[in-house]
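Enquirer: First, the structure itself, so that you have it in front of you.
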């Protein structure tokens, strides 16, 4: 798949396949098996109605960690390969989950609903809205628009099948468990529809699995509410509403450049071939190796991360992306999006070469089976590349005494996918540095969500276009960081500073306040749950019992990069469905039963969630010398502004977590990197420790300027 540097020797292991996403053939095998179970009566249609049984999702069922570690480290038996299957049982009005395996067969299935959720069946209205349900919803909207054609034409320029109004849903769908009542806002049928609101919204009741019982329960027009369509039409025709008069507007949301591109920007290339290799689901890069995958629900994840053949982490994965909106209009005022309930990885499409990833990156296809009846291939939906960050990893110019220069370009490996979930695009990066650090980041771009500007709503955002309010909202992203530092027996430590007043040893009458190190070991899950609202120690460590050469415990530090807004108050009825967002960092004892912090059902059953992350902490287990998992929440507060038109830029709109070695090594491991540079006066052009000096000569048809350096001419001299 990649063309590695010839001098590199890449040692891949097929054991990484224990974490590999299901193949196209495996998806089909599981689907066909489930379809063949006559008692399940699963529809074969890709647009099954809510009243039918529908196979919504097939995904990899991850092995139990202990089984995987025995296989990876102790030549234990390979864990059975199994699939997780979610069935929406419209006929009976409930949801079920199954595990199907072993793959490749012979296949069997078992109902795991009880063991996962402590109930034999999940409520039907906890399900995600499927494409089949959307088909029925759009029919209902079309029927309503036929009755509303005159006011919609006069107000918004609506012309059936020519100038449509496009729907955008608010979530959750109601105010209590069991509700399935969705406020739908309407937007002009332009590219970038999300920033063309028209001031018209409808509340659709689609609780029944019988679509003939669906109703439109409320309408909102230019700030006025109406009980039903007839009441609105009567008021509109009787002159009892403040009418919106349609006018053509500038199409300001187009991403087509205002001027024709004049040329290409800088491009990266690999002068001696790629220094990494991708085989199956494993990447090997210099001292790094890891397995990767893409969950349809939660998105990108990596497993068995090793540096210099030592496992640093068992799992690093995206868990959830959540946004809470403010507005005076109903389509936004209750909105709290939980993206894994729609599917984060589901929306990873083909990456654009040279824009989404460097042109010379390695691109990987993914396969998914979610809300469909066939396995879908998504070409080039993951990319892998090494690139120069553009800022030295380390350097020093020695001006005093021993004149010399030593430094190293910060070349790192990036694993990336981009998910476009409705209006927002999230760029997910896992970055592997030569210093032994790993960074998990997300950056947001795409379109803001907006609402029609009414009186009073400037307290919920800024006006960004004519009659358009960019609504204030939060972005919270949850990562799972299962570090295994020299094994699975770890502890959680914090470090910070205080100022301590001490007498001067040579002048006892004088005192000075100096920074002092404060260290603490945290022994229980409740103590280790770091609330956003509380002061958090600045250094958070997962540490081993082993020490480095200098007697300090070998550890990795969690450094959270975040500009998160305030979390929803715990008094709110829906807060438990996103209780993971209470914590900047939470440390729990590893359990296979606590695989994820959220769930497919959290969005549509917010008031009685089947996965409440806070329960992971309530049992307050000991975390001393245990297998520990860190759950990290990062994000940013977004107050939309004029520069979000047409499109939000990634600069400053992101967050993540850096996993850094802290006394894990005896010295910085990058000192052994082949990228190091060193020269002293007189050896500026010597290539032995400075490959840059000969770069221009090594190119077949070079356009590079020769390497020169004159920095020592201005050094300080004491003679």
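Positions of Cβ are set from backbone N, Cα and C atoms, glycine also.
Note: TrEMBL annotation is automatic and uncurated.
So TrEMBL has the following annotated:
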DOMAIN    28-93  domain 'Copper amine oxidase N2-terminal'
DOMAIN    127-223  domain 'Copper amine oxidase N3-terminal'
DOMAIN    267-671  domain 'Copper amine oxidase catalytic'
ACT_SITE  339  active site, proton acceptor
ACT_SITE  424  active site, schiff-base intermediate with substrate
MOD_RES   424  2',4',5'-topaquinone
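Help me picture where these features are in the structure shown.
Expert: Here the domain 'Copper amine oxidase N3-terminal' (127-223) has, by DSSP, the following mix of helix, strand and coil residues: 31 helix, 31 strand, 35 coil.
Listed in sequence order, the residues of the same chain lying 6 or more apart from residue 339 (active site, proton acceptor) and placing their CB within less than 8 Å of its CB are 320, 321, 322, 421.
The 10 Å shell around the Cβ of residue 424 (active site, schiff-base intermediate with substrate) contains 23 further Cβ atoms across the protein chains shown.
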Enquirer: As a test of reading the model: what is the averaged pLDDT for the domain 'Copper amine oxidase catalytic' (267-671)?
Expert: 95
Enquirer: DSSP on the domain 'Copper amine oxidase N2-terminal' (28-93): how many residues come out helix, how many strand, how many coil?
Expert: 20 helix, 18 strand, 28 coil
